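The structure under discussion appears below in the form of structure tokens.
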Amino acid sequence: MAPSLHSRPFLLLFVLLSLSILCMRSLDASEPYLTLDYYASSCPSVLEIVRKEMECAVLSDPRNAAFILRLHFHDCFVQGCDGSVLLDDTITLQGEKKASININSLDGFRLIDRIKNKLESECPGIVSCADILTVAARDAVILVGGPYWDVPLGRKDSTTANYDLATANLPAANEDLLSIISKFLYQGLSVTDVVALSGAHTIGMARCENFRARIYGDFKGTSGNNPVSNTYLSNLKSICPATGGGEDNTAGMDYVTPNYFDNSFYHLLLKGEGLLNSDQELYSSLFGIQTKGLVKKYAEDSLAFFQQFSDSMVKLGNITNADSFSTGEVRKNCRFVNT
Ligand code: HEM
């Protein structure tokens, strides 16, 4: 018997999940190489140094927290968390910074350089750029009001980057929910991780080119006719014209508290006001039965969100590239492999 219209989404989701699990890259979430006290004797002040630099940076501009958090995510989804995203292009190496998903979009590199320089003068050649980025992302979240978690350490920096994988592995704003879920499953993350980690969009900004399709598409449909949403939508349209131009104009993804890490992002999704198509789909997609439930849960219970976000960030940070442990290094300069 052909599946009914109602059972079809379940069937599709089931097939997709099974396929994704089959082709999942091998990942050990309890990464054996990483330990909490990795630098205890070789660089005992590492956490304090990262924390101090992040404090100054976030105090001077809270957007720095968003830059670093996103940079860490974009590092980990391409060959694991190995600092590959930090590498500049050279004659012999094509970096990831110019991949379409990253170009004109990532920032925070100079802040990482600054932390690295401090650490090189304190404990030369000891702390990897990948570890710096992972700890800095944790501190970024705390500094804008989010939860704390312990960061396992001991990552090595890659000697390679992968431009093509940056395009293939990283999710985009107008990608549908099932495709995004499959990208997370491929990394060994779960549907719960997708919803919790998307909560990172409680801070930071998106550029017009990433939300134009949404505001001239189904924003009205998901947000209904409530006057507050209408005013919000008109404002977004003035930032991001339909006919083009203003590609780099920005809007906060959580317009209520854009500089504060809280669960108001999920409240926006309940109201149908998510800025990115990909975010709103978590609540509104026909295929999002499980994700919708989680959005409701995190909107109602910020503690549950904080707990899951912490756990999911540890999982994200533990996506490691087994190769980088054998061929990796501790870069002297995060932008270049050692000579
Ligand atoms: C679930 C799939 C995801 C998609 C489709 C997605 C997509 C995007 C897009 C399109 C932007 C705006 C970029 C721009 O306009 O330049 C953005 C910003 C951001 N993303 Fe995501 N993202 C996802 C997941 C994540 C995750 C897992 C994290 C971190 C754990 C994250 C952290 C951020 C942050 C902090 C910003 C703001 C950056 C800024 O202010 O410059 N995102 N994301």
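Just so you know, glycine gets a Cβ as well, placed from its N, Cα and C.
Between C76 and the candidates C56, C81, TrEMBL records the disulphide bond with C81.
The annotation in TrEMBL ties D254, T257, D262 to Ca(2+) 2, and of the candidates under consideration, T202, T222, T291, the one tied to the same site is T202. If you go by TrEMBL, C43 shares a disulfide bond with C123, out of C123, C129, C208.
Take the candidates C23, C56, C129; TrEMBL pairs C334 in a disulfide bond with C129. Which of C56, C208 pairs with C240 is settled by TrEMBL: its disulfide partner is C208. Fewest Cβ neighbours within 10 Å among the binding-site residues S84, T202, T257: that distinction goes to T257. You'll find the Cα of S84 (Ca(2+) 1 binding site) roughly 14 Å from the Cα of R70 (site 'Transition state stabilizer').
Comparing C-alpha positions, D262 (Ca(2+) 2 binding site) sits nearest to R70 among the recorded positions R70, D75, V78, E96, P171.
Distances between the Cα of T202 (Ca(2+) 2 binding site) and those of the binding-site residues D75, G80, E96, P171 are shortest for P171.
Among the binding-site residues V78, S84, E96, T202, D254, T257, no residue has its Cβ under 6 Å from any atom of ligand 1.
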